[in-house]
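Beneath this line is the structure, given in structure tokens, with notes to follow.
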Amino acid sequence: MPDLPFLPFCACLGSLGLGCVAFVSAWCQHWRGGFAWDGSVRMFNWHPVLMVTGMVVLYGAAALVYRLPPTWRGPKLPWKILHSTLALTAFILAVLGLVAVFNFHNASGTPNMYSLHSWLGLGTILLFSCQWVTGFSAFLLPYAPIWLRTLYKPIHIFFGSTILMLSMASCVSGINEKLFFSLKNGTASVPYKLLPPEAVFANILGLLIILFGVLVLYALAKPSWKRPEADSLDTHQPLLGAEH
């Protein structure tokens, strides 16, 4: 892999994440009618915004906390709290996104959980909830023995990357599904197959999400950006009340 400086890379990645949030918000505001919390289609518009913001951008930021050079020295507890807080915020936004889409479906008489996108999205949220609870129990509570933390750490890292990939797949499939429903023949002035401006804009949004996720996975995989294991405290002592 090319040897890139981490902090400029991280700044560009942050700008890309903000771009993803700006694109999905602009799509829902300009083409889908804006936002409300009343069971209407405008309530549905919160779903893509909250999911992209939480499960892609904030989750990606949480995954990269331990790649920041300041985390390589000194106590790790503040960074673990930041990591878990970002992940918990992402989870809360995702739950609100689920509430928005279920309320809209129930109010409009639309069936729930019939599409591949819905199965994939709900499965990702459930896996994420398990990941957060087990990570909190293993690394932020002083009860897990050292051997268990050591055993679970690579599993936690693996599922962290897996959840990010599933989140990207869920978001992109959801964007495509929404375009098919909204721009189908007979209901839209320009159908999806003729690539109207909304379709171009939303397709670019999907590409930005994929690019952001791939770059996060690149940062996670780059060996020189990993915290040196010799300086890691998380598998050598309990945290709350014990780390100095």
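We count from 1, first residue shown onward.
A Cβ is built for glycine as well, from the same backbone N, Cα and C atoms used for every other residue.
TrEMBL entries are annotated by machine, without manual review.
Per TrEMBL, the listed range annotated as transmembrane segment is 155-175 (candidates: 29-49, 155-175). Within its own chain, the transmembrane segment (155-175) has Cβ neighbours under 8 Å at 47-48, 51-52, 55-56, 59-60, 63, 116-117, 120-121, 123-124, 127-128, 131, 134-135, 138-139, 202-203, 205-206, 209-210, 213, 216-217, 220, counting only residues six or more beyond its boundaries.
With a cut-off of 8 Å between Cβ atoms, the residues of this chain six or more beyond the transmembrane segment (81-104) that come close are 37, 39-41, 43-51, 53-55, 58-59, 61-62, 65-66, 110, 112, 122, 125, 128-129, 132, 135-136, 140.
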